Amino acid sequence: MENTLHFVFGIFGNAFALFLFLAPLITFKRIVKKRSTEQFSGIPYVMTLLNCLLSCWYGLPFVSPNNLLVSTINGTGAAIESVYVLIFLIFAPKKEKGKILGLLSLVLAVFATVVFVSLFALHGNARKLFCGIAATVFSIIMYGSPLTIIRLVIKTKSVEFMPFFLSLFVFLCGTSWFVFGLLGKDPFVAIPNGFGCGLGAVQLILYAIYRDNKGQNKKAAADGSLEMEKTNSKPHQEKPSNSLHSQDEQV
């Protein structure tokens, strides 16, 4: 029964993780359409690629037994993230492109080092421990990326920039793999995904608290800016239309 549950939660984890990996498709559709990366950062995709590569390697049978489902989804994730990084490199400005290429080189060097050391210097439990620690560290870094969004939500009291379904799938994915790790008695799967489960729960709680404020703070700020502009202007002075448009864009 325990083995069956272990497998079932692994399947759930694969499904929810796939939704997470595919979530940025809308962003990259916009990048391709505009042929520009605009203000988007490519760093999260490069770091997620490293996490997927390390987790995929950790899940292989000769590194850690009974974790093949970890390898399948992270191998898929590595392929998807590689496409994202490639698209970003094609459309990024020269300076950003150089930064991402440098980070990508570092990421591949880290992964190659882990593979080399685990294959030729370590065996058995030592290999599992080494690869597990590496995968855990970068999984926590990946899950920790929404912390800036959480801070923004608390500061603005608005969930405008925290999509509900993305938060939901972070929670579901983290929970599924957390249970998978517990059932498999594998702390290197349970610990980082328990962290992800907790962060996802925090995001959902914040969404429940501030969901009615979505977009209201931005509107209030715009109204306040317009009112201040009217107050400070001279009587009967006609303000140029492009000035007001510029104020709206800055807000």
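Keep in mind that glycine also has a Cβ here, set from the backbone N, Cα and C atoms.
TrEMBL does not curate its annotations; it predicts them automatically.
Here the transmembrane segment (6-28) has Cβ contacts under 8 Å with residues 40, 45, 66, 69-70, 72-74, 76-77, 80-81, 84, 87-88, 165-166, 169-170, 172-173, 176-177, 179-180, 183-184, 193 of the same chain, all six or more residues outside its ends. Summarising the annotation, TrEMBL assigns transmembrane segment to 6-28 (among others).
As annotated by TrEMBL, transmembrane segment applies to 40-60 (among others).
Same-chain neighbours of the transmembrane segment (72-93): 13-14, 17-18, 21-22, 24, 28, 31-32, 35-37, 40, 42, 45-46, 48-49, 51-53, 55-56, 59, 100-101, 104, counting only residues six or more beyond its ends whose CB sits under 8 Å from a CB of the stretch. The annotation transmembrane segment is assigned in TrEMBL to 72-93 (among others).
The transmembrane segment annotation in TrEMBL covers 100-121 (among others).
Remote same-chain partners of the transmembrane segment (133-154), defined as residues 6 or more beyond its termini with a Cβ less than 8 Å from a stretch Cβ, comprise 44, 47-48, 50-51, 54-55, 57-58, 114, 161-162, 167, 170, 174, 188, 191-193, 195-196, 199, 202-203, 206, 210. What TrEMBL records for 133-154 (among others) is transmembrane segment.
Outside the transmembrane segment (161-183), and at least 6 residues removed from its termini, the chain residues within Cβ reach (under 8 Å) are 2, 5-6, 9-10, 12-13, 16-17, 19-20, 23, 69-70, 143, 146, 149-150, 152-153, 189-191, 193-201, 203-204, 206-207, 211. TrEMBL lists 161-183 (among others) with the feature transmembrane segment.
Under 8 Å from some Cβ of the transmembrane segment (189-210) lie the Cβ atoms of residues 13, 67, 70, 135-136, 139-140, 143-144, 146-147, 149-150, 153-154, 157-159, 162, 164, 167-168, 170-178, 180-182, all in the same chain and six or more residues away from its ends. Taken from TrEMBL, the feature transmembrane segment covers 189-210 (among others).
The region 'Disordered' annotation in TrEMBL covers 220-251.
Residues annotated as compositional bias 'Basic and acidic residues' in TrEMBL: 227-239.
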